[in-house]
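Colleague: Copied straight from TrEMBL:
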| type | residues | note |
| --- | --- | --- |
| DOMAIN | 17-234 | domain 'Glucosamine/galactosamine-6-phosphate isomerase' |
| ACT_SITE | ASP68 | active site, proton acceptor |
| ACT_SITE | ASP145 | active site, for ring-opening step |
| ACT_SITE | HIS147 | active site, proton acceptor |
| ACT_SITE | GLU152 | active site, for ring-opening step |
| SITE | SER155 | site 'Part of the allosteric site' |
| SITE | ARG162 | site 'Part of the allosteric site' |
| SITE | LYS164 | site 'Part of the allosteric site' |
| SITE | THR165 | site 'Part of the allosteric site' |
Amino acid sequence: MAEVIIVRNEEEAGEIYGRCVADLIKAKPDAVLGLATGSSPLAAYRALAKIVHEEHIDVSKVRGFALDEYLGLPLTHPESYHSTIHRTVVEPLGLDPEKVHVPGDVLNGAPLEDGDKIAAAGPAYDAAIEAAGGIDVQILGIGTDGHIGFNEPGSSLASGTRVKTLAEQTRIDNARFFDNDINQVPTHCITQGIGTVLKARHLVLLAFGSGKAEAIEETVEGGVSAFCPASALQLHPHATIIIDEEAASRLRHKDYYRYAFAHKPAWQGI
Ligand SMILES: N[C@@H]1[C@@H](O)[C@H](O)[C@@H](COP(=O)(O)O)O[C@@H]1O
């Protein structure tokens, strides 16, 4: 069972993540952070940046690996995850851009037809994560269909980084970043696999709002199933799920989660 923490709002969730990662970097200056795009982690990145600046934490050695990237977008496209990660994480935190990697970096807009290049990029990315000693803390959002990274329903729970076809629901959800025009949303992506995600030492999944309530119910209290990729977190020995009341609204055991967190010894951290 993952630990479920129910918070008042995104800021409170962000502070919990920020404190956890700031302490990690103090103890391990070359920590490896797993990074995610989407709106859910933004308050967490802001909270971490605030602590880093206030406490003068040296982040020059911190390394990062993002979860996923669209296929076919040049790195310079404002909605490429390369651009997004640099804008929302690398710059505000003051990380060394050379130490932060996004799965599509080597592809830089290569077309889907460029099979050899694209097929090699996934295993090379997993090898790079391994060579870095593995990810210490992986932050995750969740799609309304339960996807993590871009692992859509049906993804193998043992998958490594590879190319996937985006679900239509995901393209609809993400059209807001592309002038609300679904035709501009790429059809394919390269994403860390669920097996890759499960290798990180600590997973922190954030979800807010009623739109995520069903996906959170399936993730936390449903069976482990490829049809809700986030349910794979139930297999991880150290997963923390931080959600607001709306995202928690369908959980049956809310009272227990609240009770357990309120009575947790401080030394355990998250
Ligand atoms: N690939 C990303 C996911 O990593 C993210 O979790 C999801 C939810 O985004 P949001 O947090 O904006 O709801 O969006 C995209 O599909």
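Each Cβ is built from the backbone N, Cα and C atoms, and glycine gets one as well.
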Colleague: List every residue in the same chain as ASP145 (active site, for ring-opening step), at least 6 positions away in sequence, whose Cβ is under 8 Å from its Cβ.
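Modeller: In sequence order, GLU152, PRO153, ALA167, GLN169, THR170, ALA215 meet the Cβ cut-off.
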Colleague: What whole-number Å value do you get for the CA-CA distance of ARG162 (site 'Part of the allosteric site') and ASP68 (active site, proton acceptor)?
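Modeller: So the alpha carbons of ARG162 (site 'Part of the allosteric site') and ASP68 (active site, proton acceptor) sit roughly 9 Å from each other.
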Colleague: Enumerate in sequence order the recorded positions ASP68, ASP145, GLU152, SER155, LYS164, THR165 whose Cβ-atom distance to ligand 1 is under 6 angstroms.
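Modeller: Near the molecule: ASP68.
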Colleague: What recorded positions among ASP68, HIS147, LYS164 are found with a C-alpha within 10 angstroms of that of SER155 (site 'Part of the allosteric site')?
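Modeller: Checking each Cα against SER155 (site 'Part of the allosteric site'), the hits are HIS147, LYS164.
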Colleague: Could you tally the C-beta atoms, other than its own, that fall within 10 angstroms of the C-beta of GLU152 (active site, for ring-opening step)?
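Modeller: I get 23 for this one.
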Colleague: Counting Cβ neighbours within 10 Å across all chains shown, tell me which of the recorded sites SER155, THR165 comes out on top.
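Modeller: Within the set of recorded sites, the most crowded position is SER155.
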Colleague: Which number gives the other C-beta atoms within 10 angstroms of the C-beta of LYS164 (site 'Part of the allosteric site'), all protein chains shown included?
Modeller: 23
Colleague: Hey, does DSSP put ASP145 (active site, for ring-opening step) in a helix, a strand, or just coil?
Modeller: coil
Colleague: Within 10 Å of each Cβ, count the other Cβ atoms and name the one among the recorded positions HIS147, ARG162 with the highest count.
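Modeller: Counting every other Cβ within 10 Å of each candidate, the maximum falls on HIS147.
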Colleague: Sort SER155 (site 'Part of the allosteric site') into helix, strand or coil using the DSSP assignment.
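Modeller: Going by the DSSP assignment, SER155 (site 'Part of the allosteric site') belongs to neither helix nor strand, so it counts as coil.
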